[in-house]
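Database features, via TrEMBL:
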- 1-42: region 'Disordered' (REGION)
- 33-42: compositional bias 'Basic and acidic residues' (COMPBIAS)
- 58-78: transmembrane segment (TRANSMEM)
- 98-121: transmembrane segment (TRANSMEM)
- 133-155: transmembrane segment (TRANSMEM)
- 237-255: transmembrane segment (TRANSMEM)
- 267-290: transmembrane segment (TRANSMEM)
- 310-333: transmembrane segment (TRANSMEM)
- 382-407: transmembrane segment (TRANSMEM)
- 419-448: transmembrane segment (TRANSMEM)
């Protein structure tokens, strides 16, 4: 007996063409059935099976959190042994090896993920998603800067601490004589590195030299400070990010000629993620990284009592922004629970807390966002490397608080223009902040120079940066992850909208094709006569249907009919 299929309630002979027309409508049903079967299997699991599956699924999270907790305990125990500097460096060796392995992965991960991500998106989607991402990064960083300034004026961490100085805490002075204009010009220069190979380990920085320009009336030689270009150690991540994005777009435009190279970068990226999964299962590295930092602390009580209000203001700002503001933004876009999304990112958050590096957290963040939260690889591998470079919400908070703190420390009243300068400069300079430990301290000098404050108190920030930088990094990577979640949601909505439009067009074609066949049968004696002769021959009926549907199918779904089928339809009409 011949198998029948239906289109809008009309029985049709089964064939490859009708199967293709019904394929899209059958897929959701099959997915629902698979989900129901999986739910039934889960209900049959016993306690032991559930526990085993939970441990296997969350093994990385358990190992990472355990590494931090054991590291804190180890540091507190070893702290009382009065280790020498050499012994401290030996204790920090396993943690140093973990950081070196993570940094080793950064370059291939950033370049390959951005090339493959940009090449997998069409130019229109790339421009739209890129615009949304830039707007999201700017708005969230500006909000973070506003929170930092507001908390600094409410808590007033520098009031009453005028006697506090670098010498009282036994700290070395830190200063920066770099002009604000040159700092922003260096950002632009680093966007376009003159040597891509050198950009992998060096970046451009402006230095100054004094040049004699003549003598005054008393015969004294006059000198002028002249900026000169230098190369400093440190990966030029901004230049690599921009190049990788443009290279991916160029491969996309090439079409078939660029497909082989795109497949190469995709394979390279997947291999890098395998290496990441191996590296992250090394909890003792995080344990010694945290323990060594606790051992290296000198006089914690003096630092906390002297700079306690500054530490409290910074951490409170991070809690408000990371625990309230960013989740609210995510909920406003997606209407989903942000905390369930964040619960799948415990491992990268713990890694960020332990390493104090957004760049070192990038590998585990990409892995967890894709595997635990189901974010599209094209989205995560395009937006997360950019976010790790330009999105520094946590850094903007503590930089603003530090600037106001130093102003209060020097008994300087800030006017409205200076406050606005702090907001704008902190938002802009956080883009160039290095994603490494203590990378944001140097950018504070840019803010202080912009508002005319001395930079010799920066060492106070550096003294407690090992505390503040941990929550700073967690907020930085949280903003990146939620941004990826928002872009994934927007992309899913666009895809569903497009699928609904295509399905609607196909539905109209199906209804019209069936109506046309019935009309031909009722009004055309020739067709009625041929239908009676060919009754019981499904191929003839199919030929009539395909002859009517051919132009619609080609326009709506791109289905091309076989030449011999078209020829049969023409013969039938003749």
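Even glycines carry a Cβ here, placed using N, Cα and C.
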The transmembrane segment (98-121) and the transmembrane segment (382-407) contact flag, 3+ Cβ pairs under 8 angstroms: yes
CB contact flag for the transmembrane segment (58-78) and the transmembrane segment (310-333), at least three pairs under 8 A: no
Best-contacting stretch, by C-beta pairs under 8 Å, relative to the transmembrane segment (382-407) and drawn from 133-155, 237-255, 310-333: 133-155
